[in-house]
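Asks: Quick one: this structure, given as structure tokens, is what I'll be asking you about.
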Amino acid sequence: MTPPAALAVALLSAAALSLWTAGVAWRHRDARGGRPLTLLMLASSWLALTTLGALTADGFTELLRWQQIRYVGYVAIPPAWLLFALEYAGLERFSSRRLRVGLATVAGTVLITVATIPLHDLFYVGGSYAVSGGVPSTNVGTGPLYWATISYAYVLMGTGTALVIRQALRTRRLFRRQALLLVGFAIVPWAANAVAVAGIVTTPIDPTVLVTAPAGALGAVGLYRSRVLDAAPVVRGEVLDHLDDGVLVLDEDDRVIDHNATMAPFFRETPAVGRPLDAVVPAAIADHLDRENRESTDDEHDCGTVDVDRDGETRTFDVRRSTLTDTAGDAIAFVYLFRDVTERRRREEALRRRNEELDRFAGVVSHDLRNPLNVAGGFLDLARESGEPEQFDRVERAHDRMDAIIDDLLALARTEDDVDPVRVPLAEAARTAWEHVDTADATLRVSVPDGHAVVADRGRLARLFENLFRNAIEHGGSTVTVTVDAGDGRFAIADDGPGVPDDIAAGAFEPGTSGADGTGLGLAIVRSVAEAHGWTVTIDGDAAGARFVVRGVETGRDDTFGDAARADADEPADTTIRND
């Protein structure tokens, strides 16, 4: 018989659309879910074509034969959907060979049962033939294996649909629309089949045949338009949201596919997903990753470290790259792990300084201490030979020099200990330190506003002042004038002596740079104290005498001063101390 033209066109269109979708899926067969989706859409096309063939049946036997042939599509769709959902959700480990063999065995058993329907009543019971509106149909009873087959198919479909919905809920915003299309692809054909099986709506043909094709096509468009099958749905399985390390996932075009919460503070603009990397991260990160990607295409690559300014502080991050590949081994996404190694870097730097100090100590012990020790031994021998008392005075001076060197060595070693910062009035600290130094006839002038304070370790700040005062007197003479002044974020110690020659200034803070009476460690102690606080100390080459400037200092006013002092805090309060 001749089928209705409109229905025939609809079925042919559904078959063609399903074949087109199968072709698209096959072109992406190496992507996750590509092969199961190909099988599913081929089965959908088979359903449409065999349903069209059944419309030409002239009797019950011929119509039953078309239904038996059609069941090849029915038994293929549920397992194909389950396998697709497993791969889409990144659960390929459950799509084992044992599972596939089991699904194929059940499908084969159902097909054998359907093929032998005339020999038993396990699937269909009895039956009659009728034509309505030009569409032939059968009216049959159903046996236990029919309902077992339906139940089994619904379990597979339900499991696959649950996996797709679960993955859609976890998918980032960029792929949310595609995920919703997949959910529609899962639910619409299933719902249409359930309505037909339950007899809620009576139709001349199974509506599943007509709705599966367009639903599958929309799902495929959603899948492959942004290559979501390749990377996005499985990203959440590849990275952990609760890592302390930042996780950034990029596609082949350096577009942000995903990131975890730790990575969010890196972004200059949000949302970052779906945008080019260089549009959302600091230039330091974008340039570093671009440079490393050009240098190495290895699947696993140590990208080194990158410094990033965050919250007014420079933090150092160790970056590693891993490549996600599809089943063909082609790169589909790149996962970057950002680990904060700032504290480790600081410890390494502190260890490096410690080692340098040990080398300096070894040099001092082997050279600077040995010299006065040899001098003392020589004078002691002379004293024994001559009995002259003044030789003992020379021995005592040599011992005093050794004692000073040992004190400076200990001071230098202790500058690496943890600082205990408090708010220290700068003028008071300078005057107190002056009183602990043998200043001869030198003069101290303190030009610091009353109440001006610095955040520092009180003891180490005193050690810094004492060593700079000694240095001024050693090189500027016993009548030198030393001036302490301060400004926003800095303070300085200057003298009116001869200054620091250019050839000495470059290495002035290295151990061993000293005059005849110095230990050679004073300015090294000053630098170590400054570095322990996070300060810098430099020599002002434009000053008439020697002027040492300490910068990076947290300054303020000392609350222990009264309101009157705070009111006058912007006016320098000069204090002069002379040793008459």
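Backbone N, Cα and C atoms are what each Cβ position is placed from, and that goes for glycine too.
Quick caveat, the model's predicted, so the values are computed rather than measured.
Sharing the features that TrEMBL gives for it:
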COMPBIAS  559-569  compositional bias 'Basic and acidic residues'
DOMAIN    299-353  domain 'PAC'
DOMAIN    364-551  domain 'Histidine kinase'
REGION    559-580  region 'Disordered'
TRANSMEM  6-25  transmembrane segment
TRANSMEM  37-57  transmembrane segment
TRANSMEM  69-89  transmembrane segment
TRANSMEM  101-125  transmembrane segment
TRANSMEM  145-167  transmembrane segment
TRANSMEM  179-201  transmembrane segment
Asks: Looking only at the domain 'Histidine kinase' (364-551), what is the mean pLDDT?
Replies: 82
Asks: In the same chain, who gets a Cβ under 8 Å from the transmembrane segment (101-125) while lying at least 6 residues past its ends?
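Replies: That would be 64, 68, 71-72, 75-76, 79, 82-83, 140-146, 149, 152, 156.
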Asks: Can you tell me which of 37-57, 69-89, 145-167, 179-201 gets the most C-beta pairs within less than 8 Å of the transmembrane segment (6-25)?
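Replies: Most contacts with the transmembrane segment (6-25): 37-57.
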Asks: Helix, strand, coil: count each for the residues of the domain 'PAC' (299-353), based on DSSP.
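Replies: Taking each residue of the domain 'PAC' (299-353) in turn, the totals are 12 helix, 34 strand, 9 coil.
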